[in-house]
Every structure is written in C-alpha cells, then in structure tokens.
Amino acid sequence: MAAVGACFLHQLAIVALLALWCSHARVNGFPCKDAKDVVAADFFFSDLHMAGDTTNKQGSNVTTVNVAQIPGLNTMGVSLVRIDYAPNGLNPPHMHPRATEILTVLEGSLYVGFVTSNPENKLFSKVLNKGDVFVFPQGLVHFQFNHGTNNAVAFAALSSQNPGLITVGNAIFGSKSSISDDILAKAFQVDKSIIDCIQAQF
C-alpha cells in the first residue's frame with residue numbers, strides 16, 4: 001500500500017513539474033498558455049476588412065494575422081494576410097522559409113510570380129483578376145504587382161502559424177551590419193558605386 005502511495009505521489013510530482021514547465025515553455029517561439037487561462041480572445045482578430053495604408057515607397061501594405069496576433073494559432077499550422085496595393089503598388093520579392101502561400105484576388109488585377117531554385121531559376125508568372133488563385137511554394141522568392149489603374153486587394157493563407165518573411169532587397173542591401181560593397185559588387189557584377197547607391201535606399 002505504501003508503494004502504491006509513493007507511486008501516486010511520484011506521478012503527482014511529475015504532473016506538477018510539467019505544469020510548471022509548460023507555464024514557462026515556449027512552443028515555436030511563443031508562450032505555451034495554460035489551458036485554464038485560455039479565453040475566446042486568444043482565437044480572435046478584428047479589422048481585417050480595413051484597408052492598409054499604401055502611402056509608402058512600395059505602394060503596398062500587408063496586414064498579418066498569425067500567431068503574434070492570435071495566440072490560439074500556435075501549433076495550428078495556418079495563418080492569413082490581407083494585402084492592399086495602390087496602383088503600381090508592389091509586394092516586393094520575398095520568401096517565407098516556413099510556409100507555402102495560396103493567394104486570391106478580391107479586387108483589381110495583379111501580376112504575380114515566383115522563381116524556382118538554382119540552377120533553373122525559372123519564373124512562373126500569371127496575371128490574376130478578381131477571384132483568381134495562385135500558389136507560391138514554400139521557400140521560393142515571389143512577388144505581386146498591381147499593374148492596374150485602381151487599388152487592388154488580395155487575401156492569402158499560409159501553411160504555418162509563423163511563416164517567416166525574408167524580403168530580398170532588405171536582406172541583401174539593408175542588412176545590419178551591411179554586407180561589404182566589394183562582395184555585392186562582385187556578386188552582381190556591377191561597380192561598387194552602384195551598390196553604394198542601392199544600399200543608401202535601405
């Protein structure tokens with residue numbers, strides 16, 4: 001009987017340790033919330049119907065809805081974005097290291113594409129109109145450009161609650177600290193003065 005009691009106490013201790021660990025643990029980089037503390041707000045986001053501010057150099061705005069906005073998405077493997085584009089607005093070449101993206105156009109017309117990996121570096125591109133859908137495979141560089149004269153809106157789902165984002169221009173020309181202009185000049189086969197000019201934009 002004493003052995004059974006000792007075993008039960010041991011199991012209780014393990015449960016208590018797990019509860020303590022979970023209260024301080026992070027899953028996918030985000031806190032593991034105790035089930036008793038979960039509320040409806042952990043699964044909710046508002047205002048996705050509101051257009052984003054596109055008065056910037058790119059003429060676009062991405063409103064993200066991922067685990068950073070909805071804690072309940074943690075480990076669920078899905079997230080969402082709304083993308084607004086001014087005329088000639090661009091969502092510049094970028095990639096998501098942890099997610100495939102599927103995008104649909106709600107308003108306007110977009111020229112979109114992605115590039116395969118080395119050595120082919122093949123561009124797959126398409127003009128999308130309202131209701132059209134396009135897929136950008138995980139980890140591949142892709143873009144969207146509003147070539148119309150009106151604003152455009154798209155929604156996209158991504159196959160991760162935390163897809164990550166690497167914008168090509170920012171990573172290469174805007175890194176902190178800067179990549180040497182000697183290295184970039186050699187990589188792009190241009191004069192260093194051109195690299196310096198581009199880096200100044202970032």
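Along the chain as shown, the residues are counted starting at 1.
Cβ from N, Cα, C; glycine included.
Remember, TrEMBL labels are computer predictions, not curated facts.
What TrEMBL says about this protein:
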- ASN91, HIS96, GLU101: oxalate binding site (BINDING)
- HIS94, HIS96, GLU101, HIS142: Mn(2+) binding site (BINDING)
- 46-196: domain 'Cupin type-1' (DOMAIN)
- 1-29: signal peptide (SIGNAL)
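In this structure, the C-alpha atom of ASN91 (oxalate binding site) lies 9 angstrom from that of HIS142 (Mn(2+) binding site).
In the predicted model, the domain 'Cupin type-1' (46-196) shows an average pLDDT of 96.
Recorded residues HIS94 (Mn(2+) binding site) and GLU101 (oxalate binding site) have their alpha carbons 12 Å apart, per Cα-Cα distance.
For the recorded oxalate site, residues ASN91, HIS96, GLU101 set the reference point as the centre of their Cβ atoms, and the other residues of that chain within 8 Å of it by Cβ are VAL81, HIS94, MET95, ALA99, LEU103, PHE136, HIS142, ALA156, LEU158, PRO163, LEU165. Annotated pair HIS96 (oxalate binding site) and HIS142 (Mn(2+) binding site), C-alpha to C-alpha distance, rounded: 9 Å. One way to see the shell of the Mn(2+) site is to take the Cβ centroid of HIS94, HIS96, GLU101, HIS142; the remaining same-chain residues with a Cβ within 8 Å of it are MET95, ALA99, PHE114, PHE136, LEU140, VAL141, PRO163, LEU165.
The Cβ of HIS94 (Mn(2+) binding site) has 19 other Cβ atoms within 10 Å, all protein chains considered. Around HIS96 (oxalate binding site), a 10 Å sphere centred on its CB holds 23 further CB atoms from the protein chains shown. Around HIS142 (Mn(2+) binding site), the C-beta neighbours below 8 angstroms that are at least 6 residues distant in the chain are PRO93, HIS94, MET95, GLU101, VAL112, GLY113, PHE114, VAL115, PHE136.
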